[in-house]
């Protein structure tokens, strides 16, 4: 009902009488008033005048499903959007929905995460209303060996959306962190639930620092992380940004399903900032220094060690060395 | 308490007085009697005589944790065993325990599965007490690309355990069904929960037809499935068989972690009954006929099509063609 009232107010773009709302929606004046109050509590600025009725002055920059889906043009992404003020992690909630059979493209978004996590179980700072913390459920009909490509699909899609929407030159660090001027601005955590020859579902979690000021980061992070606001020099509305990201994600995901990994990989190479760089590699087994040469056709990083050998890295941690 | 009484009766192998049990366990005669009754209900045959006390005549062939773990010699397999009379699926319960953080090697075993499933979501006939329906939780520190190897580890381990324990010549059909004389005797369903560079857990589900008579199979299955009892010509006790399988599984799993895929693959090739055979291949995309040549070093099946080309098959369904 709140959605319907909002829809009418948005469409009219002018005063709408209470009487009209009652008639259209088949409810009492008291009911209309109750829902208007609810919308105001949600952050919608609605003017009310005795003789004129109601007029929408502004919508809040909060990723409510009703706002995100306005003019959202996608095949699957955002097919269903679940909004929460707080979650332990959006990936956790998305996995729960996925196990229960939610449609592909279901997106879980939260204002804050109490237990936000990055790769390798690391803490991810997710303060209330200052970022886009969300997860999308995917159900690709691919082989298990192709699933790691999804992290690169997401990295490409989000980096391009950031560039297009804000002009901030986000780059990719292998395999899927987004950096701006060497500092992390976005983390991507893709999880997989599969049988050996069938993907049950994947969940792609994205944590993007949007309107966090330098002073708001925990001191131990302040040297290594940044936000779009810091990089762009101004506040960035989150709802249109999220819409752009979902559209870009949808585009690159569909393209990957249709055309395979090559177009993704080519774009990934263009956006990567850690190729032809000295790196330190940490794997589950050992650590070594080397020079990042390229990625191969599977997305593995090729690192040349000082003795000239080339190591093929399918998983692990890579840090840039300053020389 | 029931476990402790059982332990004392097993150790003694003779009459044990009620007085002795009371003293050892610090409980009343009534309590001892109550637990003896419980053990009898569980299927333990315990004799009771006024002047002598209790004597264990026989233990039931039911995979209770206390029975399976007797002399079980493994590194991780069976570190914890959960027994159920009925479950929807043992894989489902094992995944629940794994998400909650259970130790590696946790085994879930059920007398029957109401929703037993094979690969591709297919029905798996799991009648009460007639088979070994169980799942093990694994937490290997390996890369995602190596995880499909686990299905072949399980196939090798179970096929060898069956051969050793019953003399029935179980063979492997790519990738991981076990056949006896061309009929399916065991299905293996491995599931994976992972991040892109870290395995959270895997669950290996095994459904082995033990004491099912031909007449007990649903008519639509009777031509394509068999059981150990049918193949061996006699009833097979399940508890020692399960113990042998867990030990074999543990051995091959540890060997795989330590030495990699090559020893597993070599043994898999020896046990495979579908190499050098005419096959029909069904993948997610298409179907074709060909000749199964070999598996490569990743476990993919190499199939030569009539035009001479060799297809590399990483997932899909292969059926043997009669010519």
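Backbone N, Cα and C atoms are what each Cβ position is placed from, and that goes for glycine too.
All annotation found in TrEMBL is predicted automatically rather than curated by experts.
Database features (TrEMBL):
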{"type": "DNA_BIND", "residues": "B:18-37", "note": "DNA-binding region"}
{"type": "BINDING", "residues": "B:89, B:90, B:91, B:113, B:184", "note": "biotin binding site"}
{"type": "DOMAIN", "residues": "B:80-257", "note": "domain 'BPL/LPL catalytic'"}
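Sequence features annotated in TrEMBL and their locations in the structure.
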residue : record              : Cβ within 10 Å
B:89    : biotin binding site : 22
B:90    : biotin binding site : 27
B:91    : biotin binding site : 26
B:113   : biotin binding site : 26
B:184   : biotin binding site : 19
Residues from the binding-site residues B:89, B:90, B:91, B:113, B:184 that lie close to chain A, Cβ under 8 Å, in sequence order:
none
Determine, from DSSP, whether residue B:89 (biotin binding site) sits in helix, strand or coil.
coil
Report the largest Cα to Cα distance, in Å and rounded to a whole number, among the residues B:89, B:90, B:91, B:113, B:184 that the record lists as binding biotin.
20
Quick check on the DNA-binding region (B:18-37): DSSP residue counts for helix, strand, coil, in that order please.
17 helix, 0 strand, 3 coil
